[in-house]
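Q: Mind looking over this structure? Questions follow.
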Amino acid sequence: MMRWFLLIGLASAAATDSSASFESRCQHFHKEIHLQNVHVHSTTYVPIGSNISMAYNPPICGGTSSSSISTIEFCQVALNVTTSDKSQFFMEAWLPSNYTGRFLSTGNGGLNGCVGYGDMIYASQYGFATIGTNNGHFGDTGQYFLNNPEVIEDFAYRALHTGTVVGKALTKLFYPQGYKNSYYLGCSTGGRQGWKSIQRFPDDFDGVVAGAPAFNFVNLCNWGSRFLKITGPPDSDTFVTSAQWSIIHNEIIRQCDALDGAVDGTIEDTDLCQPIFETLICNSTAVNKTSCLTGVQANTVNEVFSAMYGLDGKWLYPRMQPGSELAASFIYYSGNGFKYSDDWFKYVVYNDSNWDHSTWTLADAAAADAQDPFQISTFDGDISGFQKAGGKVLHYHGLEDAIITSDSSKAYYKHVADTMGLSPSDLDQFYRFFPISGMGHCSPGTGAASIGQGSSTYAGDDPQDNVLMAMVQWVEKGIAPEYVRGSKKSIDGQTEYRRKHCKYPKRNRYVGPGKYTDENAWKCV
C-alpha cells in the first residue's frame, strides 16, 4: 500500500513540476520573440479551470469579458503585426501543453475584424497550436476600408497568410519539435479565406476545412444588393411579407420534400427542387390576400430564386437555393439593404460613405466586378499548386444557407473540374465537397447538420462525425472521407438521429426499409 501511495505521490509531483515548467516557459516566452514587424503585447499562462482572458478584444467584437473556462493548459500570446505604414493586424496564438505537433489557423466571418475565439478554443482542445487574427481591423463593418487599400489587402488575403507565417514561427520557437502538419478551419468569410490560401499560397496548409465559402465575393455583394431591387420596400406592390414567406416555404416543402424519397421536412438535393409559385396566386374570390400571392408578388418570388446576370448577359451569381426562405426573409427580403453589400459599395467600390444602396443597378454590379481588389473574388479554378503540394481540402456547405447560397459552392466545384479538366474521381484525390442537408449558414438548421465544425456542433471525435478529425485522418493516414455524418440535436443537446451526407456530385436517396431517422436507410446515388 505504501508503494502505491509513493507512486501516486511521484506522479502528482511530476505533473506539478511539468505545469510549473510550462508556466515558466510561457511567462518568459516573450523574450525569445524577435520577428520582423511583430510587436508582442503579452504572453499569458492559462491553467486548466481558469477564465480565458480576452484583454485585447474591443466591445464591438464582444469585449473583454469571457464566460469560457479553459479545459486545457496553454500559453496565450497576443501581438500586433505591421503589414504596411497604414495597416496592421492583431493576432493571438494559443500554444497548449497537450500539443500534438499540429498547427492550425482559424478564419473570420462577414466583413469581420474579430478574432475567432470560439474556433481557437475548439482547436486548441485537440492539441493544435492555434492562431486567429482580426483580419486587419476590429469590428464587423467595412468602414475601415474607406480610402485605405492596405486594409482591404489585409482583409482579402494578407492577414491570414502573414498570420500563418508568424504563427508557424512562434510554434517552432515554443516547441523544440516544431510542427508536423498545418491545418485550416473556417466558414463563410473564413471559408473564402481558406480557399484563397489554397489558390494563392498552396504550401500554407496540408489540410483545409472550408465551410460555406464566400466564393465570387464581389458578385456575392452584388447579389446581396440585388434583392432590394427585386422586392422593393415594404410599401411596394412587389414586396412579400415574412408571413407570406412562411407560406412560400411550406409550399416549397410540399413540392420538394418527397423528391428524395422521404417526407422529413428537409430537402436533400436542392438541384431537384424547381418549385412553381403560381400555385400560390390568390383566386378572384380570396378574402384574405395575406395567405396567398398576387401575380406581381409571384413574379418577385420567381426572381428571388433566379440566377443573376450582368448587363452583357454574363452569368454573375447563382440562384438562392429553395429551403432557406424563412431565415432569408429577414436577411435579404426585408425591404432593407444588406449591410455587408452596403458597406462594400460605400467603403470600397465608391469610397463614399453617403452612397445610397437603394440606387444600386447592374451598372454598379459591373463597376464592382471590374474592380475586384486583390482578386478578393476568390474564384480561381486552377488549384493545381495545392494539388502538387499534396494538400487536401474538405469543403462543405449547408443546403439551407440563407446568407450564401449553396449553389455557389456547386458552381465553384464545377468550375474547378472544368478548369483543370478533372473528373469527380480525379478531384477526390485532393478535393471533396459535401453538401449538408438541414444546415443553415455554418450552423445547424432543420436536419442532421452538426458535423464537428466547431464547439457548438460537436458530435464526437470519430472522424465520420467530425470534419476536423476527418481532415487529420486524411492528411496523416491517407484515409479520405467517403461521407460526412451529421447529427440532429435536440434542445437539450441529445442526438435525435444521424445522417450520412454524400460526397458531391452524388446525392442522398431514401431507400428504406427503416425510418428516415435511420442513417442506413439512405443511399448515395
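For all residues, glycine too, the Cβ spot is worked out from N, Cα and C.
Straight from Swiss-Prot, here's the annotation block:
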| type | residues | note |
| --- | --- | --- |
| SIGNAL | 1-20 | signal peptide |
| CARBOHYD | Asn51 | N-linked glycosylation site |
| CARBOHYD | Asn80 | N-linked glycosylation site |
| CARBOHYD | Asn98 | N-linked glycosylation site |
| ACT_SITE | Ser188 | active site, acyl-ester intermediate |
| BINDING | Asp257, Asp260, Ala262, Asp264 | Ca(2+) binding site |
| CARBOHYD | Asn283 | N-linked glycosylation site |
| CARBOHYD | Asn288 | N-linked glycosylation site |
| CARBOHYD | Asn351 | N-linked glycosylation site |
| ACT_SITE | Asp401 | active site, charge relay system |
| ACT_SITE | His441 | active site, charge relay system |
Q: What is the interatomic distance between the Cα atoms of Asn80 (N-linked glycosylation site) and Ser188 (active site, acyl-ester intermediate), given in whole Å?
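A: About 24 Å separates the two Cα atoms.
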Q: Hey, which of the recorded positions Asn98, Ser188 is the loneliest by Cβ count within 10 Å?
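A: Least crowded of the recorded positions Asn98, Ser188, by Cβ count within 10 Å, is Asn98.
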Q: Give the distance between the Cα atoms of Asn288 (N-linked glycosylation site) and Asn98 (N-linked glycosylation site), rounded to the nearest whole Å.
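A: About 63 Å separate the Cα atoms of these two residues.
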Q: Check the Cα-Cα distances from Asp264 (Ca(2+) binding site) to the recorded positions Asn98, Ser188, Asn283, Asp401 and tell me which is shortest.
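A: Of the recorded positions Asn98, Ser188, Asn283, Asp401, Asp401 has its Cα closest to that of Asp264 (Ca(2+) binding site).
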Q: Near Asn283 (N-linked glycosylation site), which residues of its chain come within a Cβ-Cβ distance under 8 Å, counting only those 6 or more away in sequence?
A: Cys292
Q: Look at the recorded positions Asp264, Asp401 and tell me which residue has the greatest number of other C-beta atoms within 10 angstroms of its C-beta.
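A: By the 10 Å Cβ neighbour count, Asp401 comes out on top.
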Q: Validating a neighbour-count step here. Other CB atoms within 10 A of the CB of Asn51 (N-linked glycosylation site): how many?
A: 12
Q: When the number of other CB atoms within 10 A of each residue's CB is tallied over all shown chains, which of the binding-site residues Asp257, Asp260 has the maximum?
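A: Compared across Asp257, Asp260, the most Cβ atoms within 10 Å surround Asp260.
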Q: Looking at the recorded positions Asn98, Asp257, Asp260, Ala262, His441, which ones sit with their CA no more than 10 Å from the CA of the residue listed as 'active site, acyl-ester intermediate'?
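A: His441, listed in sequence order.
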Q: What Cα-Cα separation, expressed in whole Å, is found between Asp260 (Ca(2+) binding site) and Asp401 (active site, charge relay system)?
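A: Taking the Cα atoms only, Asp260 (Ca(2+) binding site) lies 19 Å from Asp401 (active site, charge relay system).
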Q: Provide the three-state secondary structure of Asn51 (N-linked glycosylation site) computed with DSSP.
A: strand
Q: Let me check the 10 A CB neighbour count of Asn288 (N-linked glycosylation site). How many other CB atoms are there?
A: 7
Q: Cβ within 8 angstroms of the Cβ centroid of Asp257, Asp260, Ala262, Asp264: which residues besides those meet this for the Ca(2+) site?
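A: Not counting the recorded site residues, we get Ala258, Leu259, Gly261, Val263, Gly265, Thr266, Ile267, Glu268, Tyr510, Tyr516.
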Q: Going by Cα-Cα distance, which of the recorded positions (Asn51, Ala262, Asn351, His441) sits nearest to Asp401 (active site, charge relay system)?
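A: Nearest candidate: His441.
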Q: State the count of C-beta atoms found within 10 angstroms of the C-beta of Asn351 (N-linked glycosylation site), not counting that atom itself.
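A: Around the Cβ of Asn351 (N-linked glycosylation site), 14 other Cβ atoms lie within 10 Å.
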Q: Output, ordered by sequence, the same-chain residues six or more apart from Ala262 (Ca(2+) binding site) with a CB under 8 Å from its CB, or 'none'.
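A: Non-local contacts for Ala262 (Ca(2+) binding site): Tyr510, Tyr516, Ala521.
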